[in-house]
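Here is the structure we will look at.
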């Protein structure tokens, strides 16, 4: 029993808990009240709401459909509903346009604090003033919001001038106030003409009077729907409802869209809440969602839903609503992804508004939408709809279509700040389709300007019309496709536009469909190309002049000017070549064609090159004229060079549409690419005239001009064909001016732009007259300057200087590289020709005269008038008696010439002279390439036949004379030339020894022997080595008398005979000036081997020391360079006089042949005197006497005869100086030189056999040679400045006297004069001379001056580096070898090595090799045969010649 009671209690408790929990779940009751005009049932309304499981309360929807919507019925239904059910919110909608319903609902909400939503009809209409306690919300827009949309519509269509008409309906003050505030604070140029408020309670007369004040075409109306009917009726009577007037009203006037009063005009614009896209069902659902969302937010925040008022009846208490009432949460609501918020006035914050238009069918048409504060209109141009009751229509407002194409029509966006178009632009509409599948889209307001827009504005003012402008939809000018026109032409043809203004080309096809005005712009077809960066050609440095100019320049230079200069100079009486021919300036420079070309070439390019200017007056005139030409030529070249070295931009050159690049584009690589914009006059022209060209260019068509410009710049297109006016503008405005039109805008198929009008339009004539007036007044020209002229056409690009890169100068470097390569080839060919081929060209290979030799000889013969005789080979025949005698005579002459080459020991040798003649090389043999005493390669001498070339020997005697640089010559005048058959390249010249005038004396040699005798150092008495001798040593030796060196047997005359003829050729120089080292020393010196002579069976071989003359000289003369162990020569038999008693070779030092007993080395004073003795560098043995003993031997008071060297005791001059006096025996001839000296020498030689001769002299002088080996020798001073190094034995010697007329001046002015006038007491000692032999019996021959040929190119002349056959070189003073001691059975042997690189063609000793005179004593017996050295001028490069016996005198 107890258990049953417990279970029952448990069930009951659980049931109580469940019942209590169910009561605690809140319920939200919402009432939906709708008028029965709507076809909707209560079930439909309940089905709109489904339970939302996310809510914490239950929603109970209470529906009520009413038939009566008058204010009393509405209040009754709402109060009854509230009394039966606790209502938390009400959703109310009706089908009326009575704003009184909204006012009643506003009153009920303020009394019951129940939130009420007016979603449709009168409940949603505008209320002017709501109660402060009102909780009434409306699905609609406020007065301010609708006024904003109305202003945006006027701004969209640029209706800036308007008027405002209102009634006394509540809210009109708010409407007027908002309009005024917006206009005053806006950047748009609004202009409100009138604000009119009509009182509809008064008579019609007052209303009409106020309406007459309106003059604007746009009117804003604010009133109720009933009042609007009255006002429209009155306005119609005043003509304010006609064509061109626009009325804009709010939703208050429109009301129920299903009810349209008759008085409403067609074209009425209304701003209403969106009923088309926002139906009653959607509004009911959104109303329920707003209330439930707000209740949920309140329950979440306060955990309670406030109890609603249960009855409308009772005491009216005006208490403030609680702070947590439901309507406070309904202000900011977002539901189902929609923003359903409300403003404080109870209107939606973002309402969906639409723009309605009452069309011709008297139906409301949706033409615009306002959403998210943005207005989108349907029509680009507002349709001018005329009311059906209007009798007349206004045709002055035109619809005009245009096409965007700069500079004629330029489209810009509106100003974002003002929302309108700026000044100088007009509004235009651009239509955008929503998608390609439908024609629906929206129009966007744009701003248009340009050349055609300015013309349109002028026409509008002149012709008096207004217009709406819009852009063509397909962006084309107009083309007929399948009998349907598109583009602007289609708009005009199908009367959607009255006219078309833009870059519309007039053509025949279009003229059939539309009418065109007169052309206002001349245009046609042009071609645009892009500039491309060019490259500089390698030959750009030649491009300043054309090829013909360069050819003419070289022709004038080489063939005309140079030849003329040469010819006039050659035949000029004062020219170079004439002076050579007449002998006025022998050996002087000649003026050749090459020098003429070089002179003119240097003048052209202004190079400072050494040139030889002509002397002739005529040739100087030609050169002066050429110099003037060179100035102009070089200036023109320099001025134009910079332009051609700059990288010019490359532009494709096209001559026209018929150009090959257009007609045959595949002929070019890559193919030429060109195109145009389709559906235009340009394409039509090309298609009709050039079908093949059109077929090719279709694949390169461009969508527009801008796309074409981009393709040109990026290289996708090579040329763009289009209207010339457009292309010229684009080229002028292009950034960087990279785009150009060919031919500076050359036009093909000239035509013009015109305005298209409908066929038979009444506007054609007025527009034509206006356009002609613009052209005549110059207004059209001003517009063209403003719009059609670009910056690239008016402004010149600034020329910027830039560095010339390697690319700019590549051509010049290529030329230099080619010149270097050509030089290398020429260098190789020159050496190949010189070493391998030239012998064949000169005839050596064939044995006959070569081609070059024959041509050169012929030219020389023609120029100089010299007859050339071909010397034929002598036939074999037996000699007659006279011929035999002549051969003997020639043989004797050769023997005589050879005897002069013998030294003292050879003359005193017991051997016969004929032995020397046969064994040794004769003078003429050496001339005839018969070799030297010993060949340089130690080959034995090969004897040549001397009989076949006797006459040739004589000719070669003079040929060996080198050229005289001072123009002294022997062979003057014209001489016959004969060809030597044995040597085909040698020409013989007949020589005359007769003296000629115009010869010139030699100058005084500046160098003294003391300077030449510097050596390694000096050894003082203590044996210490002193420093090298300075260059400031004694430089002058006393010379002979005035003409001591001028031989009467010489073949030239002295200068004092005809000195006046030579003054112009030679100027006196200050010979004491320091000269450069290159002038003081020779450019070459032969290498002399100074060796000991060896005996044939001698067991010992001494070392051979060689002085290398090729070493480069220095200013301070270094010691000679010696080379040991030079290759020995082949042994030969020498005379016995060269061996000592023990058969040893040169055991003691031999007596120097160039010393005299009078001038021994021991005659110098003590060491404090400036003259010092130095041992000879080739004296290897110890000396037999000391230095002090040697000095004592030199003191004496006597002198000698300068000719015969005999003793003259009364001479008080310098004891070391050569005597300037002659003895009485030598003065009897009265001549400077007597040929008898040579005869005496030869007679003496013939009076004694050679063996006895040598033996006799040796026995007589043997003791003297051993005692006097240290005596000072007297040498003839050698000339030439090219002396390399002094000899040791010449150092410290006193100077010789000077010769010629400058002797006194040199002695006075020379800084070394003190050495010449040293007091005798310092030079003479007490010791007597060791020698008492007299010199009176001795005779010495003087040498001749060198006699030079007159530069005959066919005579062998010898270089400065080559030895002379009968004279001495400039370095012979170093080459005086000492004589060996007196022994029998030894032959003289010497080895000579030439330092020149020249070698004869047969590989033997060079032709120019000669033997220096090694043993030439100054003091000999009466029978001595010798030849004295002589001096040559130091200012020239003359050689020293030995005295040769006169052939004519001997014969």
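Every residue gets a Cβ built from N, Cα and C, even glycine.
Looking up 679, 1022, 1348 in Swiss-Prot for N-linked glycosylation site, the annotated residue turns out to be 679. Screening 533, 898, 1210 against Swiss-Prot annotations picks out 533 (annotated as N-linked glycosylation site).
L-glutamate is bound by 503, 505, 510, 681, 682 in Swiss-Prot, and the record lists one more residue there from 454, 723, 734, 768, which is 723.
The topological domains that Swiss-Prot gives for residue 616 and residue 844 carry the same name, which places both on one side of the membrane. Candidates 67, 932, 1327, 1422 were compared with Swiss-Prot; the annotation N-linked glycosylation site appears at 67. Looking up 435, 606 in Swiss-Prot shows the N-linked glycosylation site annotation sitting on 435.
In summary, of the candidate residues 436, 980, the record from Swiss-Prot lists N-linked glycosylation site for 436, whereas the others have no such entry there. Cβ packing within 10 Å was compared across the disulfide-bonded residues 79, 428, 448, 737, 792, and the lowest neighbour count falls to 79. Rounded to a whole value, the Cα-Cα separation of residue 792 (disulfide bond) and residue 723 (L-glutamate binding site) is 18 Å.
When other Cβ atoms within 10 Å of the Cβ of residue 505 (L-glutamate binding site) are tallied across all protein chains shown, the result is 25.
Using residue 447 (disulfide bond) as the reference Cα, a 10 A cut-off selects 428 from the recorded positions 312, 428, 510, 682, 737. Residues in the region 'Pore-forming' (591-612) partition by DSSP class (helix H, G, I; strand E, B; coil) as 12 helix, 0 strand, 10 coil. Cα to Cα, residue 682 (L-glutamate binding site) and residue 448 (disulfide bond) are separated by 25 Å. Rounded to the nearest whole angstrom, the C-alpha distance between residue 448 (disulfide bond) and residue 421 (disulfide bond) is 9.
With residue 421 (disulfide bond) as the anchor, the candidate recorded positions are 312, 510, 737, and the one with the nearest CA is 737. Within the same chain, residues at least six positions away from residue 312 (disulfide bond) with a Cβ under 8 Å of its Cβ are 75, 78, 79, 82, 83, 108, 111, 112. Across the fold, the C-alpha of residue 681 (L-glutamate binding site) and the C-alpha of residue 737 (disulfide bond) stand 27 Å from each other. Its Cβ taken as reference, residue 510 (L-glutamate binding site) is surrounded by 26 other Cβ atoms within 10 Å in the chains shown.
Taking only the Cα positions, the spacing between residue 428 (disulfide bond) and residue 503 (L-glutamate binding site) is 17 angstrom.
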